[in-house]
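Novice: Let me give you the structure first, and then I'll get to my questions.
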Amino acid sequence: MNWGVFEGLLSGVNKYSTAFGRVWLSIVFIFRLLVYLVAAERVWSDDHKDFDCNTRQPGCTNVCFDHFFPVSHIRLWALQLILVTCPSLLVIMHVAYREAREQRLRETKGDSYRCVYPNPGKKRGGLWWTYLLSLVFKAGVDAVFLYIFFRFYRNYTLPRVVKCELPPCPNVVDCFISRPTEKNIFTLFMVVTTCICVVLNLVEAAYLVGKR
């Protein structure tokens, strides 16, 4: 990863965000992205390899693993982080479009030029709507993924032992999940930080509407 480019993007997002937006970005970067990159990936790296069932029936372990882990936590979190950060980049692109249009008009009209956007980064007009919709979209994405996790993994927790009786298993077999306690801790941590991000997005949206 090119951290210089990433730092530039973060600086751009911070530049056009409110105080609530800066807090949201800090939580996403420090408590979600870094935790995901540094720790969470390693915790789930052995989930399939160390998923053991008390049978030697060929295919039974794979079928049971697919049933209890239809989608990996890691892949869901990666998709969630991608979708939840894209709207912030749209705000930067909108500001860049304003600045480019201002520059183009200045070059074509010359002395008769009249400033269209005195402050391209000021949240007025279309940029205000872009920013507000980005907040609603980010809160919606996080809420949808919270529901998905709840549907796949009831109460966001993993049991120590699961019972599986799917074909080709010969009977009801016990399957054991690798490091369930550690995975539950990380899952609850990510759920709590996601809830905080949803609240921050809604509060910032209310602040923008109230200020206008």
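Just so it is clear, glycine is given a Cβ too, placed from its N, Cα and C backbone atoms.
These figures come from a predicted structure and were not determined experimentally.
Residues annotated as transmembrane segment in TrEMBL: 20-39, 76-97, 128-150, 185-209. As annotated by TrEMBL, domain 'Connexin N-terminal' applies to 42-75. Residues annotated as domain 'Connexin cysteine-rich' in TrEMBL: 141-208.
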Novice: So what's near the transmembrane segment (20-39) in sequence-distant terms, Cβ-Cβ under 8 Å and 6+ beyond its ends?
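Specialist: For the transmembrane segment (20-39), the sequence-distant neighbours (Cβ-Cβ under 8 Å, at least 6 residues beyond its ends) are 10, 13-14, 74, 77-78, 81, 84-85, 88, 138, 186, 189-190, 193-194, 196-197, 200-201, 203-204, 207.
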Novice: If you average the pLDDT over the domain 'Connexin cysteine-rich' (141-208), what number do you get?
Specialist: 89
Novice: Reported in the order helix, strand, coil, what are the DSSP residue counts of the domain 'Connexin N-terminal' (42-75)?
Specialist: 14 helix, 2 strand, 18 coil
